[in-house]
Amino acid sequence: MVKAVVLGAAGGIGQPLSLLLKNNPSVTELSLYDIVNTPGVAADLSHISTPAKVVGYLPPDDGLKKALTGADIVVIPAGVPRKPGMTRDDLFKINAGIVRDLATGIATTAPKAFVLVISNPVNSTVPIVVEVFKKHGVFDPKRIFGVTTLDVVRASTFVAEVHGDLGKAPTVVVPVIGGHSGIVPLLSQSSHPLPSGFAQESLEALTYRIQFGGDEVVKAKDGAGSATLSMAYAGVEFTNKIIRAVKGEKGIVAPSFVHLSADKNGGEALKKEIGRDLDYFSAPIELGPEGVVAIKSLGKVTDYEAGLIKTAVPELAINIEKGVSFIDSSKL
Ligand SMILES: NC(=O)C1=CN([C@@H]2O[C@H](COP(=O)(O)OP(=O)(O)OC[C@H]3O[C@@H](n4cnc5c(N)ncnc54)[C@H](O)[C@@H]3O)[C@@H](O)[C@H]2O)C=CC1
Ligand SMILES: O=C([O-])CC(=O)C(=O)O
């Protein structure tokens, strides 16, 4: 029995994400919460002949609490998306408060649920969720995840394109680390190595495309939002990995932005590798029934990749601190 909850379920990501979760036969209950339109989305999805019972909730009558009661997994794509010319950090002023309030609901109603944060800026919204959980005395670093899977999906797709074979994309595995902003693809570790003689200039262009794939979509949508369909795909890919790990499947590894205390050694080895005592980082993590089992070493990186990490880290530290101090100064 798996109860999955989507907070922000009526949105551009929320709707296709809910559809894909409804398509997973392991999900037995699908609870949809938003400030608008969830009854319609739930009625629509409920006609699909898969096991999940679908219910939509709105804020009145304790809707958030009802949506979250008994949750095993909570996915959060609530909040505003970017328009051209904005950075993810520009979304902080609206999304920080939304995520804080939803996190308070989870901490008080379903503190043991796995929490998957999609709302941007992920580098700050994950610390917001963590700080809220700490304030309620229910923080478990193994169960709170920033979803960076879209970066991994883009890397797989774009590397497959280099090989001239999109059919390869599902099997191309590229570790993507850092944050969501401060994205660092480790192309030297791709399961499908780049062709020998791949020029440094081409490597830099490919790296840039993975790092700024979000901008590519924001620009193409021309004011109508950011990635929604590919994000829904990526969000469900990560959610399904958590479900498989909870069910006892071993050896599942996926990058995610987590609090480094989730690692059994407190992330000390990783901190050495990145050269700074950050509390959060996106690195490949091994998943198990209780969430994070271990945070993997970054392994051997090239000088170019080391340079990208060095550039990303100070910005990450600022993003993290912004989330932490937002909750410090919030009256909870
Ligand atoms: N982690 C990642 O890789 C990605 C993250 N995102 C982020 O996901 C977020 C959502 O994007 P879209 O779905 O395109 O936006 P959207 O505007 O289409 O949908 C957001 C939904 O959140 C709802 N919402 C607003 N306040 C709420 C609250 N207090 N409680 C519950 N629901 C609330 C809205 O009613 C709306 O239905 C954005 O912050 C965007 O930047 C987008 C793409 C990739
Ligand atoms: O770029 C954005 O604003 C949305 C996002 O996070 C992505 O597509 O990676």
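The backbone N, Cα and C atoms fix where each Cβ goes, and this holds for glycine too.
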Inset, instruction - Taking TrEMBL at its word that Gly8, Ala9, Ala10, Gly11, Gly12, Ile13, Gly14, Asn95, Ile118, Ser119, Asn120, Met231 bind NAD(+), choose the one of Asp34, Asp72, Asp140 listed for that site. - result: Asp34
Inset, instruction - Using Arg88 (substrate binding site) as the reference point, find which of the recorded positions Ala10, Gly12, Gly14, His180, Met231 has the shortest Cα-to-Cα distance to it. - result: His180
Legend entry - Cα-Cα distance linking Ser119 (NAD(+) binding site) and Arg82 (substrate binding site), given in Å to the nearest integer: 11
Inset, instruction - May I ask for the distance between Asn95 (NAD(+) binding site) and His180 (active site, proton acceptor), taken between their Cα atoms and rounded to an integer number of Å? - result: 15
Legend entry - DSSP-derived class (H/G/I helix, E/B strand, else coil) of Gly12 (NAD(+) binding site): coil
